[in-house]
Amino acid sequence: MSLKERKSINECDLKGKKVLIRVDFNVPLDDGNITNDYRIRSALPAVQKVLTEGGSCVLMSHLGRPKGVSMAEGKELRSTGGIPGFEQKATLKPVAKALSELLSRPVTFAPDCLNAADVVSKMSPGDVVLLENVRFYKEEGSKSTEEREAMAKILASYGDVYISDAFGTAHRDSATMTGIPKILGHGAAGYLMEKEISYFAKVLGNPPRPLVAIVGGAKVSDKIQLLDNMLQRIDYLLIGGAMAYTFLKAQGYSIGISMCEESKLEFARSLLKKAEDRKVQVILPIDHVCHTEFKAVDSPLITEDQNIPEGHMALDIGPKTIEKYVQTIGKCKSAIWNGPMGVFEMVPYSKGTFAIAKAMGRGTHEHGLMSIIGGGESAGAAELCGEAARISHVSTGGGASLELLEGKTLPGVTVLDEKE
């Protein structure tokens, strides 16, 4: 069963139907103000499709990691006029306001996701209801199938059709991702989910060649399965971020006081050997931007070669490495990027990460490169340097995209109907 063969929202009869859409409105908030509405804007096409077709929308999402209460505790709280599981920092109320402005129509906010039957029963075609944070109830992410089902049953009673547009949580077996479609006996992908599935199917299936994977971030241990799985599919592997120093130490270079996972040196050696056997070209940093402390300075030290001096830590890839990595991306027809090249949040160490984003944006724009950013920090960096709009696909799911690249299946995708 390939990734892309899932029923689409376009194949659903939506007229006069109450449509449950699991969206991902897990947006950053600062004192109740949304600082980046990208995830809300990404969900608009599916919502607008339902409204245009004469249906109404019941939207479900999580936000953050609230403590949550059990359904039994919620019932008790409700009887005394309380709001179950409520946490000010995790309420979706500001999202309802932002969504209303983006849609130019009222959005009704239901302050208790499991006590919204009354609100939902009064809906007419064209209406939009946003339920409060589904994680205010522990059953949403419970390890017990029965508990997840109990919550899903109530939510499923609010609608006729289930659409999943929350790729960011597709790796989670939860009441709203897998419970509802199982109870309703059907489920289809929204436009965002469809786009995610389609791009990952391409890169993991039969992508235009050569294919380069750019992998960064702090720990080798976080990327072991990804590196192992991708090695069977790629032509080039560019390694950056703190994980690169474990690979350099494994090859005998001095890394000063840079971060290193001693327990992963053997894995690094075996991966390099495997890559050689498979004729995958692994490229490691050939120079570094360093300092004696983990802090921003005006003139950090730039090394001459791979070796990092005693008492120094590398915090970004150097100019010669940037040039080499950019040239390699320029030779390729497909590129997938997961993890920053350095501590890009600090200006002196942001050049490497931003250069990768720019090389991918330019390659896509000028040479038709198929470029994919696997969510998380890399997506944030591309957004920060203004390149996100030029990339073929910036994933909205850090954890979900990582699991796909590791070769795992996603419960929130496999539960959806197969394409007829």
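Glycine too: its Cβ is placed from the backbone N, Cα and C atoms.
Within GLU53, GLU377, GLU383, GLU387, the residue that Swiss-Prot lists together with ALA218, ASP222 for binding Mg(2+) is GLU377. Within ARG105, ARG135, ARG148, ARG269, the residue that Swiss-Prot lists together with VAL23, ASP24, PHE25, ASN26, ARG39, SER61, HIS62, GLY64, ARG65, HIS171, ARG172, LYS219 for binding (2R)-3-phosphoglycerate is ARG135.
The ADP site recorded in Swiss-Prot comprises GLY217, ALA218, LYS223, GLY241, ALA314, PHE344, GLU345, GLU377, SER378 together with one of ASN307, ASN338, namely ASN338.
Considering only the binding-site residues LYS223, ALA314, GLU345, SER378, GLY241 (CDP binding site) has ALA314 as its nearest partner by CA-CA distance. Local packing around the binding-site residues GLU345, GLU377 was summarised as the count of other Cβ atoms within 10 Å of each Cβ; on this measure the leading residue is GLU377. Cβ neighbours within 10 Å of LYS223 (ADP binding site), excluding its own Cβ and spanning all shown chains: 23. Among the binding-site residues ALA242, ALA314, PHE344, GLU345, GLU377, SER378, the ones whose Cα sits within 10 Å of the Cα of LYS219 ((2R)-3-phosphoglycerate binding site) are ALA242.
GLU345 (ATP binding site) is 24 Å away from PHE25 ((2R)-3-phosphoglycerate binding site) when you measure Cα to Cα.
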